[in-house]
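Taken straight from TrEMBL:
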type     : residues : note
DOMAIN   : 19-383   : domain 'Nucleolar protein 10-like N-terminal'
DOMAIN   : 388-436  : domain 'Nucleolar protein 10-like second'
DOMAIN   : 495-523  : domain 'NUC153'
REGION   : 526-645  : region 'Disordered'
COMPBIAS : 543-555  : compositional bias 'Acidic residues'
COMPBIAS : 579-604  : compositional bias 'Basic and acidic residues'
Amino acid sequence: MKLANPGQVPVYTVSGASTARPLPDWLARRRKRSLKNDPEYQNRVELLQDFEFEEASSCVRVSADGEWIMSTGTYKPQIHVHNLDQLSLSFARHTNSLNHSFELLSNDYSKSIHLQIDRRLEFHTPMGCHYEVRLPRYGRGIVYDRLSTEALVPSVGLDTDGKGEVFRLNLEMGRFMRSYQVDVGGDDELTGGGLQGGIGVGSVNTAAIAEESHNLLAFGTSLGSVEFWDPRSKSRVAVLAGQEGEITALDFSSSGLSLATGSSTGMMQIFDMRRPTPLLRKDHGYGFPVKKLIHMTTSSQEKKVLSSDKRIIKIWDEADGEPWTSVEPVVDINDVAWCRDSGMILTANEGKQQHAFFVPQLGAAPEWCTFLDNLVEEMAEETRTETYDNFKFLTVPELKQLSLSHLVGKSNLLRPYMHGYFVDTKLYDQAKLIANPYMFEEDRAKRAKEKIEKERASRIRGNKKVKVNQKVVDKILKKQENRDKVDTNAGILGDDRFNKMFEDEEFQVDEKSREFQVLNPSTVVDRSAADSGAPSRYQAQSSDDDASSESEDEITGQPKRRDDDVVMHVSSTQNRGGRTRDTALGSREHKAAKEKIRRGEVVGDKQVTFTPHTKRNGAQPEEAPRSHKPKGQRRSASSNTFRKM
């Protein structure tokens, strides 16, 4: 069920196709799995079972007792009869040719007369086709006069007197009576006159009868005139001429004093039977011939007129001609039927499914579908917002910011609305990208930040801010992650005796203390926070240590290295297995401060002389006596190569 016209008088589309050409059955079966995500398919309302035809429907009628619906369609040519009490198809029957129109002769579906496109009249009963008769010329419509039991068939072409004919088939006597001769104008003289296939041949297009009042007959012609005949005297009583185009639709009001006419140019006029000038003249706006006219009465006894062409159905006010409501299906309309004293309108159309529209202000739902009233009330309670797809609303300052103000009044890309304009989404994206080239990076960073915040919120759904010991509060609330609702006053958080723990700074938990680390060995202490704050415990040093360390720094000229500093060692294989040099960063001392200890030198006290000598004389400095290691003894660990690394 879908709201088709969200105006002051809403119209609900109860059933009908959303596309002109539905998908084939073999393709629809493949897409059945995807239909579970289609909101239109999930919210569908199947008003009548199989209220459709294979290709299109041509005519639809509702029985006088309001319990049956008969419709005709194609392909193949067939007749469908629906039982409204059961909301289902009663039976389907095929015919030899396509149906043009039909009329129900009884209060139910049991007797009907059908005008076929092959110039035949068929009489149908529940058992099937009862009788058929052939017409002299092609018929344009059919009307049943219940008082004289005559079927009136307007036809195309001229008789021997150069007049148009309306065939009279008397059902009581079972034979044709003398036809009504209607003036439709002469044919082209070159065609021989009166040929129904001639160029510009005249015809009687439609007929109407005021069976609820004076029982006058009205015939609309191709000349644009309407002739009124009295079935009692079988004579013409009046002629209404001077209208533009051909008359394609006629309908009497229930009182018989008002007549509505529709022309091939899309003009609808309302006449009073007591004067020749129209009381009201309305244009449909599309230029298509008017196919159907129906006088209606709403639940509040307001008089309305329904007019329909192949594109749209409009309902007018009969008094002043103000448009009341309208509905425009996605397929062409062939015929319209109204369920009397209700708001239900049925159509025969070119689509596969027949349409059913419900207008609550026109009347209540029929007895066979009273559940529609409850559905309409539920849908009316829902808030409706008009959305504009693929458009972005911008104010005038925003247009100037995007350099689009020069398009105002010069292009249809900007649609004025209230205090701004609607701009096409593609144009808006391009203009925004030109104005801010880094928009993509900013949007990406924004989405990443939102995702991180969402993950943080999912970890701790409860949030309670305190002055002191916030980590303790977060740890307590984290234990409630699996609960449906987080209690921010659970445990000590809601106990008044522990208020100072979260308000007084003297109760701050020192995570750097020894006691805390023993009780919580797995807690990771933030180093940056520890260094930036006050000095931690056990960092005090004596003045002697400070002095000695400062003196050592002045002698070596190198910065003092702390025990907890990180030292980087560099190793390489370019020395071919030789002794690795000490390349520790920050640990190199001045070369003059220490001498290298070579293999074979004496370890211990060493005598140093400052006597000058020259390498030119070849004199060598005295060497200290070397100690020779006796054979068989264990090698000293002091000469171990790894000790010198």
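Quick reminder: no glycine exception, Cβ is built from N, Cα and C everywhere.
Any TrEMBL annotation is an automated prediction that lacks curation.
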Which whole number is the mean pLDDT over the domain 'NUC153' (495-523)?
83
Counts by DSSP class (helix H/G/I, strand E/B, coil) across the domain 'NUC153' (495-523):
15 helix, 0 strand, 14 coil
Give the residue counts of the domain 'Nucleolar protein 10-like second' (388-436) per reduced DSSP state, in the order helix, strand, coil.
20 helix, 14 strand, 15 coil
